[in-house]
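All remarks here apply to the structure that follows.
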Ligand code: HEM
Ligand SMILES: [Cu+2]
């Protein structure tokens, strides 16, 4: 507990890490572009006045994809060491789903 | 932990947020906390869905009559972009480039303030129309859901600003790096929630 | 803070406890506060039973009766059972996993003070115009109509103490995930640690819905919102859902740690490895998962429709399966063991049939058509007291005896302990067994009195006698504690002689840094393994003696909680037109809280080190 693990990287390691970080950052920008794109499509398809039965599932799917992109890229789930974070977030999502399902079906109208 | 250790980009660990036990605990604890927050927002969403468009007999307000999508769309864009800028900030944090990190956080804060301004304008507009928190169950649930998100935005902004001020003189160390990291996670989470608010409250509100 | 501080004055000791971040001292705080609330709730229970002892009684008025039952339930669940479990979790779990500390010592203390101030706030309602009176479930239509400030005390008080509980839960989760000693794999964790883990996860997911529900309640009552007001489009059923989405997991938050405590006790005093360890772990996780899928079994008679009722009925019955697994595992642990009937073991032996009885009535209620008969009758009261008293309270009493030497380095008197058990156990069954029949005969719950000659008189009288027997049991336990404290005989390490897990391997009294050297865990029941191999020290070490990092004490958690306590008064009286002081009080309270938080975040708190030399000079567990 008293010892913090800080080991200095060698020059090669450092350069390698830097390169990977740069690539990763470029990746993030791509992900961002995708998210903007999805948001725009969702927005446009509602504005265009298409059938709700088509649009509703579509935009929900887009929202889910966007959230996955945030979590896996912006919040680094795609890197290792996030098992527990994923476990708790997926459990939360599952409970959230059950609750919302209940509230739109058996809230007693 | 020794705050006086001076780091170079090379001696700076690749994952500074997890380099100390405190950092590890904080990161994990914060993720777990976000799990709880997820359920909290789910409860608010569920209630909103149950109460949307419900009010006293003959209520004139509905999601269709109230919401203006272009405004919500611009707000979404602002928040999404601020999410990216905070990714940039963390990128520079990992490279031990303190100045660039602070600058990107400042950009994030500006974008967040823009979002907040628009939200306040929107609320003000609705209240002006007579659609208030106490007017109907719809009003109560709408303002509680979107307002709780807005409160999170305020907290996130305050957190970023405090961090920037507190550390402006002393730069990055292994004590404050996890704090920056958590603030940025929080910010992403706020964006995640907004994606659903945009979709479920605004887009689907206008749909049928 | 130095290890050499030996005898302290009274004031210094108080200050030490007000600022402590040591999980062992926080355990003591939880124990004291939890016991205080347990006694208050117990007195309320006695008042209920005295009122119901005979028909047409007027010992208390109808209105006061409603306040008493509400406060009894709320106090027992939120302010007695949970904190007392937290006491044992704090005392044992970090030691069981070989940790020097919890993950967030500061938050640990914050969690305690929030709970305490929330509980005090709730109980002050008695003196400030009336306690809440809509039942511990506080169903919205009823609670919105309640004229006094009681419900506001309920909502705000639970909000504050609930925040404390959530913080405590997160702390335990991270502690168990990150702070385990080398070799302490998940599948080597003692069952009490496992159940603490799962219960904490349930806290994490169950408390947010309660928080939100309470906010809705506060908004509706104090700020004219319309969540539950059907005239303005609201829906009173939303409260019921939110409350039970929280409420059912809550009963498992309570009972899982109780299961864990008994698992330790059975293994220890049967002097045998816990039978079916991995199936126990699996059952714990499964119960935690299913616990979220069954909440509507409290709402069968609301009219959710046959489909919903059927789904929730089946899900509820499914929980009986993992629970049954556990019961058989306990039985098979005892089977063929070298049994020593100590007081904790005696409680364990009493627990199995009692809890099974409660589970069986639970399955009965789970069948929706039958529940139309049972709902809101004394049968329900019998059911949940069988699981709560027969499960949780027996576990708490067992743990008090079992862990007393760990927490205080003294043994409670065994003979007196067994006498306590007899009084409490007989009293418990006498009180509640007969209530099943009262329920079947049609006596509704939550009534302040009843007409005579319906065949209920004698049974109610017997039930009241039982309650007095239980009270005698509790008093004997308190006497036992006092006698033991006066005698002050040190118990020493491994006082039961049969300890199996790491907490018993530590010298007594436990050093404030817990483990001088981090232990190396070589299997399930580590301490037992070392003992069997003749290791006198009881531990294999994972590292040489070196500096130990310790957190600093802090008064800030107290201040943060105190600020919220003050602010709650401001919020509560804000609705009254004649109380202009309420707004300044609200602002002042929030200012105290936020300033304390800002101080906390601006001042670096890096802790301090105990140096190697200092550790070398120390002999074992001296303070
Ligand atoms: C394990 C510990 C358990 C605890 C602490 C517990 C607690 C409770 C409580 C407090 C209530 C009363 C709620 C109220 O109306 O105010 C209740 C009701 C109920 N319990 Fe349990 N219970 C437990 C186990 C079970 C089990 C194992 C089952 C079924 C397999 C079960 C099924 C039910 C049902 C169906 C009700 C609703 C009865 C009604 O209100 O009509 N419980 N339980
Ligand atoms: Cu239940």
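Backbone N, Cα and C atoms are what each Cβ position is placed from, and that goes for glycine too.
The feature domain 'Cytochrome oxidase subunit I profile' is assigned by TrEMBL to C:9-522.
Beyond the ends of the transmembrane segment (C:27-48), by six or more residues, the same chain brings 17, 20, 59-60, 65, 68-69, 71-72, 75-76, 79-84, 86-91, 112, 115-116, 119, 123, 407, 467-468, 471, 474 to within a C-beta distance below 8 angstroms of the stretch. The transmembrane segment annotation in TrEMBL covers C:27-48 (among others).
Annotation source TrEMBL lists transmembrane segment at C:68-89 (among others).
The transmembrane segment annotation in TrEMBL covers C:110-129 (among others).
Remote same-chain partners of the transmembrane segment (C:153-179), defined as residues 6 or more beyond its termini with a Cβ less than 8 Å from a stretch Cβ, comprise 70, 74, 78-79, 82, 86, 89, 93-94, 97, 99-104, 107-108, 110-119, 121-125, 128, 131-132, 134, 138, 143, 189, 193, 196-197, 199-201, 203-204, 207-208, 210-211, 214-215, 217-218, 221, 561, 564-565, 568, 571-572. Annotation source TrEMBL lists transmembrane segment at C:153-179 (among others).
The transmembrane segment feature in TrEMBL is assigned to C:238-262 (among others).
Feature annotation from TrEMBL assigns transmembrane segment to C:274-296 (among others).
Residues annotated as transmembrane segment in TrEMBL: C:308-332 (among others).
Counting only same-chain residues 6+ beyond the ends of the transmembrane segment (C:384-404), those with a CB under 8 A from a CB of the stretch are 76, 81, 84-85, 88, 91-92, 251, 254-255, 257-259, 261-262, 264-265, 268, 342-344, 347-348, 350-351, 354-355, 357-359, 361-362, 410-412, 417, 420-421, 424-425, 428, 431-432, 435, 477, 484, 496. Annotated transmembrane segment per TrEMBL: C:384-404 (among others), in sequence order.
According to TrEMBL, the transmembrane segment annotation covers C:416-438 (among others). Under 8 Å from some Cβ of the transmembrane segment (C:416-438) lie the Cβ atoms of residues 49, 343, 346-347, 350, 354, 361, 377-379, 381-383, 385-386, 389-390, 394, 397, 401, 456, 459-460, 462-474, 476-477, 479-480, 483, all in the same chain and six or more residues away from its ends.
Residues or ranges marked as transmembrane segment in TrEMBL: C:458-483 (among others).
Positions annotated as transmembrane segment by TrEMBL: C:555-574 (among others).
Among residues of the same chain six or more beyond the transmembrane segment (C:580-599), those with a C-beta under 8 A of the stretch's C-beta atoms are 556, 559-560, 562-574. Annotation comment: TrEMBL describes C:580-599 (among others) as transmembrane segment.
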Close approaches to the transmembrane segment (C:308-332) from elsewhere in its chain (Cβ under 8 angstroms; 6 or more beyond its ends): 259, 262-263, 266, 274-276, 279-280, 282-284, 286-287, 290-291, 293-297, 300, 348, 352, 355-356, 359, 362-363, 366-368
Highest-contact recorded stretch vs the transmembrane segment (C:238-262), from C:68-89, C:110-129, C:458-483, C:555-574, CB pairs under 8 Å: C:68-89
Same-chain residues at least 6 beyond the ends of the transmembrane segment (C:555-574) whose Cβ lies under 8 Å from its Cβ atoms: 18-19, 106, 109-110, 112-114, 116-118, 120-121, 149, 152-153, 156-157, 159-160, 163-164, 218, 222, 581-597, 599-600
